[in-house]
Every structure is written in C-alpha cells, then in structure tokens.
C-alpha cells in the first residue's frame, strides 16, 4: 500500500468535486474506513474524522495525517478556533497531500464547545472569518467550512446569512450546510442529529442568496434518488450515517451521479480487494477488527446478514486464524 505522510512532497491536485461526499464522522471515518469506501466509489470525496489543532501540533501529527494514496480525493477536517494554529495545521495538511482542508463549525458536543470548537463558533462569524483567512493565506489547498443553519439563540436566517457573508469575505467559496440548527445545551450529539427539524428550505435560500458560492447539502439524506433530487438545487450532497451503515449505496454513486460507465463493483469483489489491505495491516501489527468493524453494513438486506456481522464483530476476536473467519464471511456474499 502506498502511504502518504506529512513528509510526502506536496503535488498540486485539481480542486476536488464535492458533488457527492461522505461526511467526517468521529470514530468512524478513519483511514481503514476510507480505504474500504474508496473500493466502492472512485469519485466520492472522503473526509477524515475531525482532528483538533492541538492533536496535530502537540502530538504525533503523522498518526493523524497518514493515509493511503488510494483514498484521494480526500479532505482533512480540522477543529479549532485559533487562526495561527489552524494555519499551521493547514500547512501540515498541504504537505501531507490532502485535497481540501475543512473547518468544523457544526459539531455540538459539550467536549468540543469547551475548547471553542464546532457549532458554538456560529456565534462568532468574525472569528471564523479570521480562521479561514489565516488558512487561505497559508496554503493553496482549498479551505471550506461545514456548519449548521444556526444555534439556539442565534437561529434566524438573517444571522445565518451574516455568518456566511462574513466567511465568504474571508475567501471561503464552498460551504457544507447541515440543514438543522444545533442545540448547544441539553441535547447529546446524537439527539442533535435527530431532534432539530431538517430545514432544506433554509439551505436552498442560502444558495439563492449566494449563487456564487458552492453550497453542499448535508443532513437526513438516505438514497441516491434523494441525492439526484437535491442536486437540482444544490451543488453537492453529503451523506453521513447512511453511507456508513449501508456502504454499498456508494457502489452506484459513480454511475448515477458522475456519469461513469465503469462496471458497478460487487460486494464480494470489494471484499476480495480489501483482503490484501487487511493482511498488510495485520503484518504491521494491527488487528483485523480495526478494518472489519467498518464493513458490517455491507450485507444489509441479505439473508445471512446477521451471520456476516457475527463473524466479523465477534468470532474474529476468538479465532486463532482470523483471516479464515473473514473468508467465511466473504463466502456469504459470493456473487452479490
């Protein structure tokens, strides 16, 4: 596998297409998950988990930035609010070969709020603008923002428009809009993905009012048919948990959303391509479940799906030969 690291010389890449992307998801979109998803779609833009500026600047940056060359197009999502720190991290991302740097202005968790990260920054548009400008001044890699449509106490359209307008003035040209407000007190991150109502109409108003900006819609999208419908209004769509729990949805993204004439990869073909990656990971001292935990949804809707999940989530931990257990699971999806 060809790994790119922070020491890999940066080569200029074209601006990535954001027509279809998989959202940054904590504990889920690690490098193993992204390698697997890339086997299903060549065109999808993939995002890392959010990485804080502190993690990159005060720990082993290589551990957070390393990725396989096949993962491109690939964006790094940063969490932070100190412009100089974000600029330094953007430089690390550019040196490591990332295709985009994205600032998290959408995460509602208490833990990140306490560090001035995530959705709480929607109350500070001038600071977000300063952060974006610092990153743009530091790198040629595209800098984007992912945000909510508001936060409790600051949820009017006028305030959202002011936020986008100020950040646009700092040079940001692409905004990914999670079409819910974030409730910063009293709701868990999970509840913040479910309880505040989806307001696609507000995101659509942003696109009408800022026609020069790229507006990518996120939140509650579950099918490629829905993606097609939203693409009549928006420049791109981003899927989160649906893409993780039902990853085979990605297998037809290239054909349906990008017009590719490449054959659709089967589930068993994707797993056959994943096997050498698993072997290499284990030979380097890693555990099989680091990879296989991300593929449990691949059998969704098939007879034998429960057995598939059991083999890969429980039986591999007890097996003397975990690769043999993986092969058993693959057999359940042969020809599918």
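The backbone N, Cα and C atoms fix where each Cβ goes, glycine too.
Since the structure is predicted, the reported quantities are computational estimates derived from the model, not experimental observations.
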Per Swiss-Prot, member of 58, 124, 178 binding FMN alongside 24, 25, 26, 77, 146, 218, 219, 220, 240, 241: 178
Cβ neighbour count within 10 Å of residue 107 (active site, proton donor): 24
Local backbone state of residue 107 (active site, proton donor), from DSSP in three classes: coil
Spatial neighbours, same chain, of residue 193 (site 'Interacts with tRNA') - Cβ under 8 Å, 6+ residues apart: 180, 219, 240, 241
Secondary structure at residue 218 (FMN binding site), reduced by DSSP to three states: strand
Separation of alpha carbons, residue 309 (site 'Interacts with tRNA') and residue 26 (FMN binding site) (Å): 21
Number of other Cβ atoms within 10 Å of the Cβ of residue 24 (FMN binding site) across all protein chains: 26
Distance, residue 24 (FMN binding site) to residue 107 (active site, proton donor) (CA atoms, angstrom): 10
